[in-house]
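Report on one structure; see the data block that follows.
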Amino acid sequence: MPELPEVETSRRGIAPFLQGKTLSHLTVRQPRLRWPVSETLLTLRDRPILSVQRRAKYLLLELPEGWIVIHLGMSGSVRILPALTPPQKHDHIDLLLTDGMMLRYTDPRRFGAWLWYDSLATASVLAHLGPEPLSEAFSAEYLLEKARGRRTAVKPWLMDNTLVVGVGNIYASESLFSAQIHPDRLAGSLSADEAHLLVQTIKAVLQRSIDQGGTTLRDFLQADGKPGYFAQQLQVYGRAGEACLTCGTTIKRSKHGQRTTFYCPHCQR
């Protein structure tokens with residue numbers, strides 16, 4: 001699933017081609033995604049795109065009348081292509097520009113979304129989200145306050161979007177390893193020093209992934225069609241049975257709900 005670094009990588013890739021340009025119209029070949037494609041999108045004609053933003057894992061295209069809100073789902077990606085590029089099997093939506101280019105949305109598993117909101121204040125999908133992890137609002141003090149009394153394992157707790165957005169399975173595993181915190185530790189047991197270190201490692205891991213164009217494990221591609229390269233730097237995720245790169249201990253895997261967790265039993269306490 002594309003996580004925050006992949007979505008931010010996509011935003012940075014498409015923004016120069018969309019921002020300040022004019023939307024001609026949209027072509028929707030498959031409206032049945034996670035939620036039905038908003039019918040308003042089919043009525044848009046010759047509208048300027050004012051900005052290309054991101055909130056959590058959502059891409060936000062600002063138009064004068066409202067916002068196109070895009071979620072990449074489990075397997076989605078967006079690319080900038082010439083408008084006459086023939087569609088392939090899983091190319092479900094094209095946003096065509098008046099300059100002869102287009103934004104193409106590809107989603108093999110069709111679990112993404114293309115929605116319309118007159119205002120972000122009414123965007124139900126953005127309600128109740130926690131702070132951005134790379135913002136000043138996500139601090140050690142904030143994390144420690146939220147952790148107080150929590151008897152939830154720290155790994156799934158970090159993945160709760162009401163706590164902080166965009167720390168998905170890959171980056172929660174990698175951040176906990178870097179902070180040397182066992183994923184089964186209770187959130188409420190974190191010390192002030194551990195909270196400080198964990199916040200710093202989350203920010204560092206996410207920033208490194210953004211700098212590397214995200215993590216491509218299966219379907220994700222950058223806006224130019226290239227994969228992300230952070231997968232080559234993963235320390236524990238997907239490495240069960242292999243030696244820890246720090247101490248040589250065998251990397252273990254466990255389940256938290258439906259998510260697989262990877263960790264080093266020696267480095268993480």
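Don't overthink the numbers, they just go from 1 along the chain as shown.
Placed from the backbone N, Cα and C atoms, the Cβ positions cover glycine too.
Copied from Swiss-Prot, the annotated features are:
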type     : residues        : note
ACT_SITE : P2              : active site, schiff-base intermediate with DNA
ACT_SITE : E3              : active site, proton donor
ACT_SITE : K57             : active site, proton donor
BINDING  : H90, R109, R150 : DNA binding site
ZN_FING  : 235-269         : zinc finger
ACT_SITE : R259            : active site, proton donor
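A C-beta separation below 8 Å, combined with a sequence spacing of at least six in one chain, links K57 (active site, proton donor) to P2, E3, L4, V7, H71, L72, V165, G166. For the zinc finger (235-269), the model's average pLDDT works out to 95. With H90, R109, R150 listed as the residues that bind DNA, the site has a largest C-alpha separation of 42 Å. Counted over every protein chain shown, other Cβ atoms within 10 Å are most numerous around H90 among the recorded positions H90, R259.
Just so you know, the Cβ of E3 (active site, proton donor) picks up 24 other Cβ atoms within 10 Å once every protein chain is counted. The secondary structure of R259 (active site, proton donor), as reduced to three states from DSSP, is extended strand. Counting only the Cα atoms, the space from H90 (DNA binding site) to R259 (active site, proton donor) is about 26 angstrom. R150 (DNA binding site) is surrounded by 15 other CB atoms, counting those within 10 A of its CB over all protein chains shown.
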